[in-house]
Protein chains: 2
Amino acid sequence: MVARSGEFELIARYFAPISRRSAASLALSDDAAIFSQRQNHETVVTCDALVADVHFRAEDSPEMIARKVLRVNLSDIAAMGAKPVGVVLAAGYNRDLPEDWIVAFAKAFGEDCADFDVGLFGGDTVSTPGPSFFSLTAFGEIPCGRALRRNAARPGDVVAVTGTLGDATLGLAVLQGRLDLHDAQHHDYLCNRYWLPQPRLDTGMTAASLARRVAAMDISDGLAGDIRKIATASNVGFVLQQNLIPLSDSAQAAINLDPVHWQSILAGGDDYELLLCGHAADIARLGPDVTVIGTVTDKPSEVLIVDHNGKMAELTKGGFDHFSM
Amino acid sequence: MVARSGEFELIARYFAPISRRSAASLALSDDAAIFSQRQNHETVVTCDALVADVHFRAEDSPEMIARKVLRVNLSDIAAMGAKPVGVVLAAGYNRDLPEDWIVAFAKAFGEDCADFDVGLFGGDTVSTPGPSFFSLTAFGEIPCGRALRRNAARPGDVVAVTGTLGDATLGLAVLQGRLDLHDAQHHDYLCNRYWLPQPRLDTGMTAASLARRVAAMDISDGLAGDIRKIATASNVGFVLQQNLIPLSDSAQAAINLDPVHWQSILAGGDDYELLLCGHAADIARLGPDVTVIGTVTDKPSEVLIVDHNGKMAELTKGGFDHFSM
């Protein structure tokens, strides 16, 4: 990898101790890392790039940003049903960031890697006159043929989600002063959901271990938009039940304040929950964190939602699109 | 992977046709790609991030930038002795770039992937208000235990390089108007060496296939700085012979104009030639592109160079540092 002015020292000081836990990294001291696949396993690989003030708020703490960079990628590994094993980080730090910021970022990144038991295989550290950016490539392992795909949904399946939806978008609204619930606990909860995604690795790995047909993806861009990607990949449609969509107490408080917040819950991104489709009996085996929210139909790309009044509407990428009849 | 506004369409239109050649990519339609390691092989993985006007000139053509992004990473794969198999590209396009630019970038990137027989496993496409950046993660395969490491040099070895040194730095000087050789052919040659690195994949794979002890790295930051990385990793020193350092006709023309250009040849980066250490007989088997330039000594981190007058000097990161005696 290209070592640029100052990079070598930064890597040695802050990232080498993180990478030393991983045999693959060659302690960041060679041109490339080397890793071996476990027998009868495949490697899944995913990549997400995050840019300051586009994908995260530049004023957020380096610790929160570091964890988010790691976790949004681990969420993709979870969506494949794989176990994360390592990451490669390309970090472009704005050249005016103080070294303290980079130290805090590296420390938090290392701690989160340790918490998720993933190695830092290598990377590149550069300086940029523009906004900071972080591009992470993450690796996971999965027994051959077991990966959860988007194209596995079939008519008659149920569709389900992990956790609760909409919290992250509502958290961002709180941070931006667009939502005030007059309740510090609700605010803390929602902001933390925005800052600190919880990749659903256990649910993904459990689904893959069933060795049954389960379709999965992670909801990064919002339920309304992302469900259409499964619809397209599987050539199916959906009927969702609004009253089944799982909400946190804090999101419910926002809804109670103004039902307009349903748009955030249906179309807001950044939750990093999993969307899963399969036989009802298989989905039921995924545990209490998984909630069925509707069914899979044989109407390609038709995504309908039955609202609280029993009225059917089309769920467009932006949210509700009530029929004009 | 996170699909952001407009990204999905861009990927579908320009990158999906590239990725379709690779089974691993899942045609960029899932959360992650899946790949399998060949039996008895390991995977090498490397990552380089390039930022406009830091690592390439923003005014360079999108075709040249695309190829450079790919090739600087393939050079790291070459330095490990591995065969490249695939790449993951995180592209952050400045938001004011016209779509034509992105089309040209994608087309050239795809063509170069095809030329080097590497698949596009996946990636992420984002928009940035700052300078464009490209972060590539590249994968190569190598028979288990055969990777060329930096720590394998031993006293008594010879040290050698592929190709010729200094051309890329002199090419950048031409582009920036700091060097004028009054010869269009020399200018074209040097500029192309700056724009279009030639990863030394054949030499690297040949060295690995010898199954002998060979240390290697690619020269991205200049001979003077990079040779110290092998010195540190292998705990050895070097004595180089200035008159053995291979020069192109164009670099020789620059030297003839002004010997000060030796600094570019010794300390300038971006050549992406390989630096190799091993038994003389093994290095000799790497073919006519490889030139011995000195010997490995048992003096840790002492890098000396014998100049054209037979005088010994220390080769510091910046180039010559003549002894004051």
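Note that Cβ sites are derived from N, Cα and C of the backbone, with glycine treated the same way.
These features come from TrEMBL:
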DOMAIN    A:30-142  domain 'PurM-like N-terminal'
BINDING   A:ASP31, A:ASP76, A:ASP218  Mg(2+) 3 binding site
BINDING   A:ASP31, A:THR46, A:ASP76  Mg(2+) 4 binding site
BINDING   A:ASP48, A:ASP124  Mg(2+) 1 binding site
BINDING   A:ASP48, A:ASP76  Mg(2+) 2 binding site
BINDING   A:HIS55, A:ASP270, A:PHE320  substrate binding site
BINDING   A:GLY123, A:ASP124, A:ARG150, A:SER220  ATP binding site
DOMAIN    A:154-306  domain 'PurM-like C-terminal'
BINDING   A:ASP221  Mg(2+) 5 binding site
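In terms of DSSP helix, strand and coil, the domain 'PurM-like N-terminal' (A:30-142) has 35 helix, 48 strand, 30 coil. Residues from the set of binding-site residues A:THR46, A:ASP48, A:ASP218, A:ASP270 situated with their C-beta under 8 Å of a chain B C-beta: A:THR46, A:ASP48, A:ASP218. A distance of 27 Å separates the Cα atom of A:ASP124 (Mg(2+) 1 binding site) from that of A:ASP218 (Mg(2+) 3 binding site). Taking the Cβ of A:ASP48 (Mg(2+) 1 binding site) as centre and 10 Å as the limit, one finds 26 other Cβ atoms among all the protein chains shown. DSSP assigns A:ASP221 (Mg(2+) 5 binding site) to coil in the three-state reduction, placing it in neither a helix nor a strand. Closest by Cα distance to A:SER220 (ATP binding site), from the binding-site residues A:THR46, A:ASP48, A:HIS55, A:ASP76, A:ASP270, is A:ASP270.
The two recorded residues, A:ARG150 (ATP binding site) and A:ASP218 (Mg(2+) 3 binding site), have Cα atoms 10 Å apart. For the binding-site residues listed here (A:THR46, A:SER220), the lowest count of other CB atoms within 10 A around the CB belongs to A:SER220.
Within 10 Å of the Cα of A:ASP76 (Mg(2+) 3 binding site), the following binding-site residues from the list A:ASP48, A:HIS55, A:GLY123, A:ASP221 place their own Cα: A:ASP48.
Among the binding-site residues A:ASP31, A:ASP48, A:GLY123, not one has a Cα within 10 Å of the Cα of A:ASP270 (substrate binding site). Look at A:ARG150 (ATP binding site): DSSP puts it in a helix. The Cα atom of A:GLY123 (ATP binding site) lies nearest to that of A:ASP31, taking the binding-site residues A:ASP31, A:ASP48, A:HIS55, A:ASP221 as the candidates. In the three-state DSSP scheme, A:ASP270 (substrate binding site) falls into the coil class.
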